[in-house]
Amino acid sequence: MTRTGDAVTILPQPDFTATFPGPFPTSPHGERTERQLLGWLEEYPLLPSARARSVLVNITSHGVSRTLPTADADDLVLFAELLLWLTAFDDMHGESNAARDLVALVDRTAELTLVLAGGSPPPLTNPFPAALYDLLARFRARTGPAAYLRLAASLRDTIMALVWEAHHVAEPERVALETYLEMRPHTVFVRTIFAAAEIVLDYELTDAQRALAPVRHLETAVANLAGWINDLASYEREAARGPAQPLSLPTLLRARHGGSLEEAFARAGGMCENEAAVARQGITSLAGDPPSALTAHARALEDIARSFVWHTSHARYQGPKRGAAPTSR
C-alpha cells in the first residue's frame, strides 16, 4: 500500500491461484539448512549485523526449501549458501550502496572476476571472494565441466548485471523498458538458480534439449515472472528510500504509458498473470512426458516459480510500516 497524507492506497497485486496455487511443497531439511547457514556466516562474515544475518538466513532457508524441495540435505545447503552469498553481495555492495560509490562496486567485481577465472585462493580477510572460492570449489567437485561452466557464466552475468543496475538506479527513467526486461532475470538471480538447480537435482539437459523452443519459452516465462513478481513485492520498500523512483517494472511502465501508480501496478500484474499462464502451459506440456531430464527440468522450473510467488509474503518484502529489513532483492 502507499500513503498520500492520511489516505491509504492498496496497490493491486497479481492473482496466481489458477496457475501456482499454494500451499507449496517444502523440503524437510529447512531447519538444518538454517543452522548450517548461520555457521557458514561465522566462517564468512558477509553481513555486519546480527539482525541482517537473521533476516537473510531466515528467508534463504525457507525460500530454498520451496525452490528445491526434493534436494537432499547437503545439496540444499550448498544451494542455499550460493543464494545467500548472492543476496548478501547485492545488499552490501549493490543497488543504493553502489550508486553512492560505483568505483567500489567495480573493484569488488574485479575481485570476484579473478575468482571466477580460477585464480588463487583469496585471503579470508576479504569474505566475499573467499566465500565464492569455497562455493565454486564445492560445485566443481559436485558436477561435470559443462554444468560447472554454465554456473560460472551465469554468475558472471549476474555480477555484471548488478554493476549495470547500480549505474542506473539513481535515474531509472533513462533505462529503456526493453533493456530492463532483458536484464531483470540476471539481477533477480533466476538464471543462476536455473544453472544451480541442474547440479543440485542431478540432471542435465543435452544441448539439443536446451535448444528446444518449448524449453526456451518455459525458461523465459519463469525468468520474467521471477523478476516482475519481485518488482511488485519490493516496490514500496524501495520507494520509501527515495528520492528516486525504484528501477523496477512499475516505474518503467508508468514512464512508457503514463497514468497512475495503481494503473502501472495493474498493468504489471496482468503481465505477471499472463506469463504465469505461459509458464504453467509449458510445465504441463513438458512434465507430461515419460521421466527424463526434460521432465525433471519442468518440475524444477515449477518449484522455482512457486518459490518466487511464496517469497512475496516474507517480511523482507513488506512495506516500511510493517517492519521489513532494508533490503529488496
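Positions of Cβ are set from backbone N, Cα and C atoms, glycine also.
Since we're looking at a predicted model, the values are computed, not measured.
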**Request:** Could you check which of 14-22, 167-175, 230-238 is flagged in Swiss-Prot as motif 'NXXXSXXXE motif'?
**Result:** 230-238
**Request:** Examine the ranges 24-29, 30-35, 90-95, 318-323 and name the one recorded by Swiss-Prot as motif 'DDXXXE motif'.
**Result:** 90-95
**Prompt:** What is the number of other Cβ atoms found within 10 Å of the Cβ of ARG184 (substrate binding site)?
**Reply:** 22
